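> What TrEMBL records for this protein is below:
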type	residues	note
TRANSMEM	A:25-48	transmembrane segment
TRANSMEM	A:264-286	transmembrane segment
DOMAIN	A:269-390	domain 'ABC3 transporter permease C-terminal'
TRANSMEM	A:318-341	transmembrane segment
TRANSMEM	A:361-378	transmembrane segment
TRANSMEM	A:429-450	transmembrane segment
TRANSMEM	A:700-720	transmembrane segment
DOMAIN	A:706-816	domain 'ABC3 transporter permease C-terminal'
TRANSMEM	A:755-777	transmembrane segment
TRANSMEM	A:797-819	transmembrane segment
Amino acid sequence: MRNNNQAIIKKVSQRYYRANRTRNIVLACAIILTTVLITAACSIFYNYSKLSTHQELKENGTTANAVLSRPTQKQIDLLRGMDILQPELNIQYKLGSLIGNQGQAGIDVNMISATNWEQFSLSLVDNMQGAYPTENNEVMMSTWLLNRLGISTPQVGMGIPLSVGINDIKMGGGAEVQTLSFTLSGFYEDTANISTENKRVAFFSEALLEEYPQNTPDLVGFFFKDISGYQDKMEQVQTSVVIGENQHLIPSYDGKLNMSVKNFFIAALVVLFFMFDGYLIIYNVAYISITRDVRFYGLLKTLGMTYKQIKNIVYRNAFRTALFALPVGILLGWVLSFYVVPLALSSFAGAESMNTQVNSWVLLISAIFSLLTMFMSYRAPAQKAGKTSPIEASKFTALKNTKQISKGRKNAKIPYMALKNILRNKKRVFIVVLTLFLGTSTLLTLMTFLKSFSVEEYINAEVKYDIAMYNHVTRASFSPTEEQHFTPELMAQISAVDGIREMEKTTVVSIYQHYSDPIYSEWLRIANEFKGSMGEELRDKTLYEEDPRTNFWGLLIGIDDKKVEEYNRTAETPIDIEAFSKGQISLVTDINGSGIPIGAKIPFTVIDSEKTFEVTVGGQMTFARDSMNSGAAPWLIVSNHVINNYHPDAVLYSVKVNAKIGEEQDVLDAITLITSSDHSISRTSKIEQAKAFDDLKRSFSYLAVVITIILSSVGILNFMNTMIVSVLSRKQELAVFAAIGATKKQIKRLITFEGLWYALITFTFTLTVGSGINYLAFHVIRENLGFGTFTYPIVPLLLYTCVVFFLCGIIPLLLYRLVSRESVVERLREVG
Amino acid sequence: MAVLKTEGLKKYYGKDPNTVKALDGVDLEIKEGEFIAVVGTSGSGKSTLLHMLGGLDMPTDGKIIVGGKDISKMTDEQLTIFRRRNVGFVFQNYNLVPILNVYENIVLPIELDGNTVDESFVESIIETLGLSDKQINLPNNLSGGQQQRVAIARALATKPSILLADEPTGNLDSKTSQDVLGILKMTSTRFHQTIMMITHDEQIAQLADRVIRIEDGKIVAAEGR
């Protein structure tokens, strides 16, 4: 049947919209809050993916979409000619290496001349000063490298003499080393997560390249004009340029943000949680409004409106509100993002230098999620409105009570009556309490985290010493040519610092061992069992036997006797300290020494000197890896008293210091002063780490406050709307109450109690169910962090409880004022 | 002895020249134990009179003396307390509290006053009104007549000086109406309860001891039986 009456539907729905101002305002607030939450959450996850993608690119050192290694001139020309590619290419030539500069020991530094560096790499570095070299005597490098070379305050234009070996790789390391003077044309901060090869690069101009021409570039990076269809385009490039045998076409940045499955799952969960919260309030607003207007819908039905048309009117009204509320929510969410994103991401590397960005896609997706939430919330109420039967509607009273009897005799007391009143609609109570509960439980959980993971515990769990100093170079890469940075002079200075209670030293010597089945077979079996369980490639002893210097190296570690004493205190099989101290025995570690038979005599060769020694294994002890690089062979531990017998002036890997109680800051200041001149010594301290952890916690507590405020607003708004309707629809009932002798005070008490019951029910659930969830969540986090004591946030919860109780008590009172302005007689007459 | 007395009671709504004189100088005296019916057409001012006497509305001029006290001088709070101690209301649409059962509805005014319930008195009312087996029922499970009986019981529970009934049978069929009127009449006799009932039905009014006729805000006739 033809049923076209859009015009009248439009008209009715417009009039209906205007007649429901309060509902529209509440609905708008609900949509705005929901949208703000969803937008902020989407922004956080978007920026997180961007950050991690960016960090990954930083490790690659280029934003190129793909890289071709060792390209021929013909291939470069072909790439230039391809119309799917941008014309600018990032062609990198390796000119040679820096050799033997001061502070360079242990690291290789490549000399690179690159084209279009700014386009390909500038966005991956921070605080760029100056520009890429153009003249043949110009150089650019990272502040990290400059630091290594002894320049802590670089200036653009300063002169830097460098000792270089041009073409040293081509010539197999036999290049002539010459010292050239350069001018620093630019420098930048490299903030990649892990130290990568990119840090160990000095950039030079094309002019220098012309002076020392190279046959083939090291690589060429390129951008697609349009990133979509990445795979197809890669194949197109592959077929066009014909990849040679020694070449690789390496896909790099495909324009997509990376997000692990786990993170995606977390993001989805958070957004769903917010959507659920939004769903609850919008559903409740819709449901209440439709219940109230059931007579109106019945009338429309009577007058001949169909199910679809009524649904249409309901949806139109909702979307009309959304038309205004959604953009406001998006805008507020967008603004809020600039506050919450830095807070949320403060714990991730590279976050300090990140600019919060919210692109239009994020906003669009947030809008879609919000609309989806609204649509889902409105579905059931709209159907209910559409299905209204005219007859039922005319008889409908909002407060139907299906119960036939009630056994009590005491319920005429005000608190009981209040409870009975709110329980007239249990579903509504459930929804309101649930939204309030989400707010309180979120607060409870966030506060528990902030309280349970205290700075003290973090420090005790993670940091054993007040100050730990490391030979940073040794830490980055073990090389046989390590420099001693903790020189005897420096050590003397450190020891002389007032207030030091104890000091612990760890020394290292690079060695290689000589594989033999009687000593190592059980060890290899255990190692391979572990590798197998991790899905890693198994070890092959033939490699060890063929070239032990490369494949079977490890560390000879020197420790203080005190450390063994400490170990003996809790060890099942204590170690003979005297024998250890005299060098009669050595130890293996629990990290990589399981399976080495006690009593075995292990021969090893010091890499530096090629001198061979033998030690007897006298036991195994637990040992913290402390970021030491491992090598394949098991580590051997000897006393610091004897380590110099194997290698004179063995490199000190770490020096750890505990200060006397109360003098921590003084000791830290003194040591910072002493060690600041040598950039190869890195330092961590309890005080600094505690401060960093404290800062991190502060960021999270701000974030927690924002989330709690918004979620609580949703709960309170839902409560408010429910109370408005509850008071309005019982206008006459309350008037009768007044007529039979209830004073205004008593009626206010009744309504206040109704509000307080909501708060009481909510907190009963929070204390039971919420606390349970909270406790479980705490344990999950604790598992991951490895420390933490469950601390129930009594004070914050108490304060918050007071606020919620206050609001739940005061809001109904204020609402009652609206109603009680009319006289009892007027209200009695209203419903006839 | 007069339980209730009005002197020159006036209630005007609106301002000149559109003043509506709902009550225009009513002098009335009701004796203890009397059952009075007030009749009049719609808009004659009978409901306004009842609201004034019950302390629900304030007069423009004149005095209302209930139990020797002039209620026209009372504050809102005083009026409410006066009301729950001295006046019982019975409405056309019963107006029971839906969440409370029959017993709880009846004792509600006593509870509101913070008094302990006089169980034996309440029991006797419940028994007299034939509600003994309905005590735990909720209002929605009662017929109209039964609900009105509960409303009467509620009005009687506080032993008020006067019971005001506003069209108590307006929503009931004629058989039930007779029933409810019989109960009113009986309570008047048994509890020596002063009752003032508003109705537009002449036949019903004839059951009262005295009928007061009101037109355009003035008493036009008072007839005893």
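Every residue, even glycine, has its Cβ placed from backbone N, Cα and C.
Provide an account of the burial state, proximal residues and distances for the features listed.
For the transmembrane segment (A:361-378), the list of distant contacts is 31, 34-35, 38-39, 42-43, 46, 271, 275, 278-279, 282-283, 286, 314-315, 318, 322, 326, 329-330, 333-334: same-chain residues at least six beyond its ends, Cβ to Cβ under 8 Å.
Long-range contacts of the transmembrane segment (A:429-450) within the same chain, counting only residues at least 6 positions beyond its ends with a Cβ under 8 Å from a Cβ of the stretch, are 273, 276-277, 280-281, 283-284, 422-423, 697, 700-701, 704, 707-708, 711-712, 714-716, 718-719, 722, 758-759, 761-763, 765-766, 769-771, 773-774, 777-778, 781, 790-793, 796-797, 800-801, 804.
Counting residues 6+ beyond its ends, the transmembrane segment (A:700-720) has Cβ neighbours under 8 Å at 26, 29-30, 33-34, 36-37, 40, 277-278, 280-281, 284-285, 336, 339-340, 343-344, 346, 431-432, 435-440, 442-443, 446-447, 449-450, 755, 758, 762, 800, 804, 807-808, 811, 815 in the same chain.
Mean pLDDT for the domain 'ABC3 transporter permease C-terminal' (A:706-816) in the predicted structure: 89.
Here the transmembrane segment (A:755-777) has long-range neighbours at 418-419, 422, 429, 432-433, 436-437, 440-441, 444-445, 448, 715, 719, 723, 790, 792, 797, 801, 804-805, 808-813, meaning same-chain residues at least 6 beyond its ends whose C-beta is under 8 angstroms from one of its own.
If you look at the transmembrane segment (A:797-819), the same-chain residues 6 or more away from its ends with a CB under 8 A from one of its CBs are 436, 440, 443-444, 447, 708, 712, 716, 719-720, 723-724, 727-728, 731, 734, 747-748, 751-752, 754-756, 758-759, 762-763, 766, 827.
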> Using a Cβ-Cβ cut-off of under 8 Å, list the residues of the same chain that are 6+ residues beyond the ends of the transmembrane segment (A:264-286) and lie near it.
23, 26-27, 30-31, 33-35, 37-38, 41-42, 45, 314, 318, 369-370, 372-374, 376-378, 380-382, 428, 431-432, 434-435, 438, 711, 714, 717-718, 721-722
> From the DSSP assignment alone, can you count helix, strand and coil residues within the domain 'ABC3 transporter permease C-terminal' (A:706-816)?
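The counts are 98 helix, 0 strand, 13 coil.
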> Quick one: DSSP breakdown of the domain 'ABC3 transporter permease C-terminal' (A:269-390) into helix, strand and coil?
100 helix, 0 strand, 22 coil
